[in-house]
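Novice: Quick one: the structure is below, and I'll ask about it shortly.
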Number of protein chains: 4
Amino acid sequence: MAVDLRDPLRSVLGSILDEVRDRTDGEVASYIPELAKADPRALGIALASTHGVVHEAGDSAVEFTIQSVSKPFVFALALDALGLEEVTRHVGLEPSGEPFNAISLDEASGRPLNPMINAGAIVTSSLIPGDTADEKFARIRAGLQAFAGRELDVDEAVFASEAATGDRNRALAYLTRSAGTLASTAEIATTAYFRQCSLTVTARDLAIMAATLATGGVNPVTGERVVGEDAARWTTAVMTSCGMYDASGDWLVRVGLPAKSGVGGGIVALQPGQFGIGTFSPPLDARGNSVRGVAMLEALSSQSGLHLLRHRGDPLSPIASLAHEGDDLVAVLRGEIAFAGAEELLTRLAPLVGEQGCLVLDFTAVTRVARGAAGVLRALPELAGTDTDGRPRIVLRDPEGVLEG
Amino acid sequence: MAVDLRDPLRSVLGSILDEVRDRTDGEVASYIPELAKADPRALGIALASTHGVVHEAGDSAVEFTIQSVSKPFVFALALDALGLEEVTRHVGLEPSGEPFNAISLDEASGRPLNPMINAGAIVTSSLIPGDTADEKFARIRAGLQAFAGRELDVDEAVFASEAATGDRNRALAYLTRSAGTLASTAEIATTAYFRQCSLTVTARDLAIMAATLATGGVNPVTGERVVGEDAARWTTAVMTSCGMYDASGDWLVRVGLPAKSGVGGGIVALQPGQFGIGTFSPPLDARGNSVRGVAMLEALSSQSGLHLLRHRGDPLSPIASLAHEGDDLVAVLRGEIAFAGAEELLTRLAPLVGEQGCLVLDFTAVTRVARGAAGVLRALPELAGTDTDGRPRIVLRDPEGVLEG
Amino acid sequence: MAVDLRDPLRSVLGSILDEVRDRTDGEVASYIPELAKADPRALGIALASTHGVVHEAGDSAVEFTIQSVSKPFVFALALDALGLEEVTRHVGLEPSGEPFNAISLDEASGRPLNPMINAGAIVTSSLIPGDTADEKFARIRAGLQAFAGRELDVDEAVFASEAATGDRNRALAYLTRSAGTLASTAEIATTAYFRQCSLTVTARDLAIMAATLATGGVNPVTGERVVGEDAARWTTAVMTSCGMYDASGDWLVRVGLPAKSGVGGGIVALQPGQFGIGTFSPPLDARGNSVRGVAMLEALSSQSGLHLLRHRGDPLSPIASLAHEGDDLVAVLRGEIAFAGAEELLTRLAPLVGEQGCLVLDFTAVTRVARGAAGVLRALPELAGTDTDGRPRIVLRDPEGVLEG
Amino acid sequence: MAVDLRDPLRSVLGSILDEVRDRTDGEVASYIPELAKADPRALGIALASTHGVVHEAGDSAVEFTIQSVSKPFVFALALDALGLEEVTRHVGLEPSGEPFNAISLDEASGRPLNPMINAGAIVTSSLIPGDTADEKFARIRAGLQAFAGRELDVDEAVFASEAATGDRNRALAYLTRSAGTLASTAEIATTAYFRQCSLTVTARDLAIMAATLATGGVNPVTGERVVGEDAARWTTAVMTSCGMYDASGDWLVRVGLPAKSGVGGGIVALQPGQFGIGTFSPPLDARGNSVRGVAMLEALSSQSGLHLLRHRGDPLSPIASLAHEGDDLVAVLRGEIAFAGAEELLTRLAPLVGEQGCLVLDFTAVTRVARGAAGVLRALPELAGTDTDGRPRIVLRDPEGVLEG
């Protein structure tokens with residue numbers, strides 16, 4: 001029987017579950033009677049890689065309502081449909097330093113401060129194309145399904161509860177309507193928003209949804225492009241600065257993963273280019289964040305060194321070897337070459353470009369070249385020109401085309 | 001004469017200077033008479049790589065007072081001396097959504113919301129060890145000199161002006177003193193702070209200082225460790241969420257580089273593991289940020305794809321080749337292996353670990369392995385155990401020790 | 001032909017009209033198209049005494065919508081129906097220092113800060129008994145008609161405009177609903193409120209309505225008691241501290257008359273026990289107060305010395321004469337006797353109460369005795385007891401019963 | 001032995017003391033160690049009439065520091081010295097709805113919102129003429145002594161405590177200094193302010209000080225004019241809207257007496273033209289107001305009907321009798337004739353001015369005529385002109401000159 005090499009990952013997730021399992025602080029959300037029925041002991045986590053593999057532990061297949069975790073994904077859909085300039089005419093990008101249900105309209109513009117607080121999320125939902133609440137919601141649902149890679153249901157009991165108790169959200173809708181920033185009637189916006197919040201997901205779904213942002217907009221499981229790369233990056237940026245309400249700054253310092261929580265007990269987090277995570281545990285802290293979800297992400301970030309702003313240690317030089325092949329000098333390059341690597345290449349190789357002979361840059365073992373760096377490197381042959389014999393001073397060897405696009 | 005391969009980088013910086021050179025909007029800071037004497041046409045930029053090479057263009061050697069650009073570096077010194085828990089007893093980590101001179105004390109705790117606004121910066125200066133303003137400032141100066149890699153002077157005329165007109169800052173000091181969060185008398189804190197703001201630097205200095213944060217605390221030019229890796233990461237996180245005052249969220253979406261500006265006309269920005277940048281141009285916008293400095297960083301981020309949250313495109317697989325060497329199956333790995341790469345490795349190689357024979361993982365061409373990933377990979381041989389012949393099922397070949405530390 | 005002695009009063013009002021007639025600053029309210037149709041030149045004033053005589057000048061019979069001038073009167077109706085404790089469970093009594101449409105809910109209680117801002121006025125309307133908007137409005141209309149002493153119509157065009165553009169007011173209703181302080185559904189409250197604001201009145205009506213508060217709740221023209229004395233006093237107090245929005249403090253210092261303005265161009269003002277005033281002129285200042293209405297009230301207060309807190313000069317002694325009538329000593333009293341007068345009486349007459357003989361206090365020429373003073377004075381005969389001959393030491397002569405009630 | 005008719009007043013004050021004596025809630029101020037030494041059982045009240053008689057009960061002669069009760073009196077001194085326009089360039093007149101130590105600077109102007117909060121009081125002290133703290137304080141002390149009618153001492157221990165712990169007040173001083181509204185250095189202003197707050201007074205002193213405002217600026221005991229009538233009225237207006245911090249609106253509704261409290265345990269209250277009151281009881285409520293002082297004033301207002309905005313009941317007609325004396329018709333007038341009375345006179349007498357014969361208005365029994373009314377009445381003879389026989393149609397009989405000035 002083959003050893004399962006993936007055990008290490010399962011064991012990481014499992015040990016994190018074990019670490020938080022016995023915490024009993026926090027309260028299941030009760031402002032809606034339906035939410036209060038959630039099992040406080042439910043506990044799950046899932047991690048989806050940008051290659052489309054999903055690792056899970058615990059109650060990662062239990063369904064719960066997505067609630068505010070929907071906000072960044074619907075924001076991404078709005079950005080994708082309308083662009084950053086049009087969207088920011090309606091909602092800002094600044095952290096509010098205030099709780100989720102804060103009013104927080106910018107005085108001058110009437111815009112909600114950001115799309116992660118309720119007022120901004122309602123405006124975001126109103127921006128989704130569609131003339132009726134049904135049309136808007138159909139588009140939102142289709143978008144969230146594409147993020148998750150499967151069909152999502154509405155929990156009609158929760159929806160009915162949200163609609164029955166949602167006066168504060170209606171107030172926020174009317175307020176933005178009167179400020180000129182809501183893009184539909186208040187009734188249409190809140191109905192679409194309440195339905196959006198009532199969609200049910202699992203921790204596994206959230207992991208895939210987050211991973212879709214982490215890939216720059218392509219669902220790594222289905223391969224479908226859900227939103228453009230710009231929309232994914234802008235959304236990730238807003239999650240970074242505003243995703244955890246009035247604790248966003250602290251979260252960025254201590255955990256360092258763009259994230260968003262919901263009162264249903266779910267949290268998503270991600271690292272661009274790496275992975276998406278979904279967690280599920282209903283009891284919430286005073287700020288409305290899942291107590292054990294927060295604890296799992298803190299543990300994961302700290303134990304596995306996933307902080308977005310962590311310095312990863314000095315990489316080896318991108319120049320693996322330098323050797324003469326006949327008259328040519330061949331530099332074998334390796335690894336990922338971003339801005340810093342390109343800069344090192346140029347600095348170290350500059351003295352080697354001579355009167356005669358050719359410098360060959362071999363990119364065969366290079367796995368990725370950052371966009372800005374690629375442009376600079378592609379321009380080198382023309383820049384170096386030819387030697388006295390008319391031969392090119394620099395030649396690029398790039399069999400896998402890592403310098404393209 | 002040899003071609004200088006570094007021309008592409010110089011040309012990037014030079015073309016960015018050209019792009020913004022003719023902008024005449026903004027006003028030189030005038031709240032202090034000395035600052036109003038700055039030449040509005042001065043324009044410079046410098047980029048320091050984490051390998052310690054500095055590229056410069058324009059007036060990158062012109063001296064100006066550091067002002068608020070000092071805030072993150074002194075914050076890093078305080079974190080390094082006292083740790084995150086002690087420092088955050090005195091100053092918060094949350095974006096304020098308010099201007100630089102906002103009062104912004106947290107009602108419950110009396111802490112300034114973050115160390116990038118004046119109130120928080122004054123508290124930060126008060127935290128630097130020392131019984132007198134002179135002792136505190138001596139330590140601050142020594143720290144900033146270590147960041148810059150050279151001696152820094154005080155502009156005594158600016159200092160005298162700051163001290164003469166600094167009533168609002170004195171108010172902030174007394175306010176935090178009365179709230180119990182200032183760690184010295186108000187007089188000591190403001191004197192140290194005013195002197196700190198009056199130190200003179202160049203765009204080149206700022207680039208090296210930022211690069212020191214980008215390396216995780218080691219000055220890449222002098223090789224001196226200035227602060228620990230944690231202090232560097234925490235500081236970078238606070239710059240990410242709070243560095244551009246009430247435009248920090250917008251900045252993160254559009255530019256995506258942790259940054260900090262000062263009314264002297266300087267801005268620092270950085271990308272962890274990659275580079276530090278310093279810009280200089282005195283005219284400021286309404287928020288107190290250098291107009292052309294902002295424009296240069298926007299152009300650089302957009303043209304060179306430097307956004308922190310940009311998805312860099314799918315990397316090549318970390319598995320360069322798979323080949324039999326006798327009974328062994330050798331997987332030649334390559335590039336940087338972070339969480340996602342390790343996950344891919346495990347997923348793809350799991351089916352290949354067989355009853356007989358050995359899987360050799362060759363890390364020779366791997367340039368860097370992320371901490372969390374390294375731990376998982378190091379554990380593989382023990383996990384896989386031995387085959388029926390008693391030979392190890394997995395062997396790691398790591399001649400350069402990329403799996404260590 | 002008889003001379004009309006009332007000419008002086010007409011001339012006061014007329015000269016005030018002349019004084020402000022040529023001011024052309026301010027803008028007619030335009031947020032509702034119907035309001036923008038008002039004639040900016042219309043200018044009227046009326047003064048109703050607490051004896052029920054109304055003096056008028058200019059366009060005092062032109063109808064306009066009452067708008068926010070309705071707020072204190074509906075508040076008085078709510079106080080009268082429910083009492084101060086119940087009403088203040090729903091709306092506060094504190095000045096907000098904020099504009100008319102401010103959100104200004106008290107954080108802890110969810111109550112609007114006061115009933116003169118829109119949020120508080122909507123809550124006030126919701127408190128008026130009635131299960132439907134129609135029932136509530138019927139009661140509000142009946143109450144306002146009783147204040148005015150005539151039937152009032154709804155301007156249906158303005159009502160339709162209010163309802164069509166009232167999203168901010170709907171937001172305030174939903175906000176207070178979600179905070180638990182609105183006493184009906186948001187829809188019922190806003191409909192009743194919009195209809196209330198659309199009732200049409202004249203400057204003459206406003207003068208009578210204000211005079212009804214000035215008498216302690218009895219319409220001085222019709223003689224009908226509209227609200228109780230407590231409700232009238234409490235309402236006048238709230239007008240004093242909150243009636244002119246964020247200029248209420250300044251108004252109290254400079255003008256010193258409890259007042260309330262509306263965007264229809266009307267203002268009411270009053271002095272308890274003296275008079276009510278109504279003014280009408282549509283152009284508004286930046287705060288939403290009628291420019292010429294404010295100017296008329298400033299002129300009237302300043303020229304006629306009507307400031308509520310003005311010291312009226314030392315009155316003559318309340319003791320008109322002291323004379324012996326046989327054995328008795330008769331003190332002929334006069335004027336109004338409030339706390340200070342009673343205190344003077346007691347202090348001056350104490351030494352005159354002797355072993356023998358009777359002190360007669362003659363109240364025939366006294367016009368009014370304040371409540372607190374009357375109680376003290378009525379108690380004197382019993383307190384003084386009888387002299388050695390068994391005759392009362394003090395006798396009260398009060399043919400018109402000014403010491404009663 | 002003569003009966004003391006003043007017993008009723010003593011008994012009112014005494015019974016009010018008894019009513020509150022057993023309340024033990026509230027805490028003696030402890031932010032300054034010296035204040036914490038106050039005896040929590042001390043309880044006193046004094047009432048000074050505008051005729052200069054002082055009634056006292058309980059510990060009305062116990063000295064305590066005046067603290068914030070000094071604010072309105074120093075404000076009156078500033079108004080008297082500089083006028084309303086100059087003073088309001090530095091400090092506003094609007095209620096803040098915030099606690100005593102709120103920052104509350106108006107954003108646009110940099111002015112503290114009103115002179116009853118600390119920031120505004122410090123600015124007020126800075127406005128008092130004088131180049132040094134000593135000079136300013138000497139003038140402040142002289143002014144407060146004139147209000148009290150006796151010499152006042154500084155409690156040096158309290159002053160030292162205030163100065164040692166006054167960092168928040170220093171912060172407010174520097175803040176207003178930097179906003180351009182403080183009229184001296186921060187050090188001078190706070191020193192003068194701390195000394196002002198440390199002056200010791202008794203409840204009796206406070207009653208006389210308040211009575212001095214109630215008379216329009218003349219100390220009723222010493223007869224000295226301390227401030228002008230305008231300054232007294234303006235100050236009373238600010239006490240009305242801002243005197244009880246964030247409970248000022250509630251206070252005006254329920255108690256209806258302009259008032260000001262201090263953390264030393266004192267409260268002043270007054271009614272213009274009637275009386276001043278001082279109370280003393282050290283334990284404070286959460287807002288910093290003396291618990292039993294508040295309770296005594298509530299009881300006094302409610303039991304004795306002293307509410308400023310109380311309708312006093314319909315007065316008797318100012319026309320005591322109408323009788324023919326030969327050809328003349330004599331109207332005997334009585335009482336106080338304010339605006340309403342004059343209006344009634346004119347309205348009722350108009351039909352009686354005939355072709356022939358003279359109407360005599362006899363003011364002998366009139367105790368006071370309000371300024372605006374007097375002007376109208378004095379003008380009547382000229383207005384009425386002469387009859388066909390050349391005799392005046394109206395004659396005024398005013399032996400005591402109540403129509404003058």
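First residue shown is number 1, and so on along the chain.
Quick reminder: no glycine exception, Cβ is built from N, Cα and C everywhere.
I grabbed these lines from TrEMBL:
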{"type": "BINDING", "residues": "B:S68, B:N118, B:E162, B:N169, B:Y193, B:Y245, B:V263", "note": "substrate binding site"}
{"type": "DOMAIN", "residues": "B:329-380", "note": "domain 'STAS'"}
Novice: Looking only at B:Y193, B:Y245, which of these binding-site residues has the biggest number of Cβ atoms within 10 Å around its Cβ?
Specialist: B:Y193
Novice: Sorted by position, what residues of the same chain at least six away from B:N169 (substrate binding site) have a C-beta under 8 A from it?
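Specialist: For B:N169 (substrate binding site), the qualifying residues are B:N118, B:I122, B:T190, B:Y193, B:F194.
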Novice: Across the listed substrate-binding residues, B:S68, B:N118, B:E162, B:N169, B:Y193, B:Y245, B:V263, what is the farthest Cα to Cα distance, given in whole Å?
Specialist: 21
Novice: Within 10 Å of the Cβ of B:S68 (substrate binding site), how many other Cβ atoms can be counted across all chains shown?
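Specialist: A 10 Å sphere around the Cβ of B:S68 (substrate binding site) contains 23 other Cβ atoms.
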Novice: Give me the non-local Cβ neighbours of B:E162 (substrate binding site): same chain, 6+ apart in sequence, Cβ-Cβ under 8 Å, ordered along the sequence.
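Specialist: Spatial neighbours, sequence-distant, of B:E162 (substrate binding site): B:I32, B:F194, B:C197, B:S198.
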Novice: Provide the list of binding-site residues among B:S68, B:N118, B:E162, B:N169, B:Y193 whose C-beta sits under 8 Å from chain A at the C-beta level, in sequence order; use 'none' for an empty result.
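Specialist: Cβ contacts with A: none found.
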Novice: Run through the Cβ atoms and count how many others sit within 10 Å of the one on B:V263 (substrate binding site).
Specialist: 24
Novice: I'd like the number of other C-beta atoms within 10 A of the C-beta of B:N118 (substrate binding site), please.
Specialist: 25
Novice: Using DSSP, break the domain 'STAS' (B:329-380) down into helix, strand and coil residues and give each count.
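Specialist: The counts are 23 helix, 20 strand, 9 coil.
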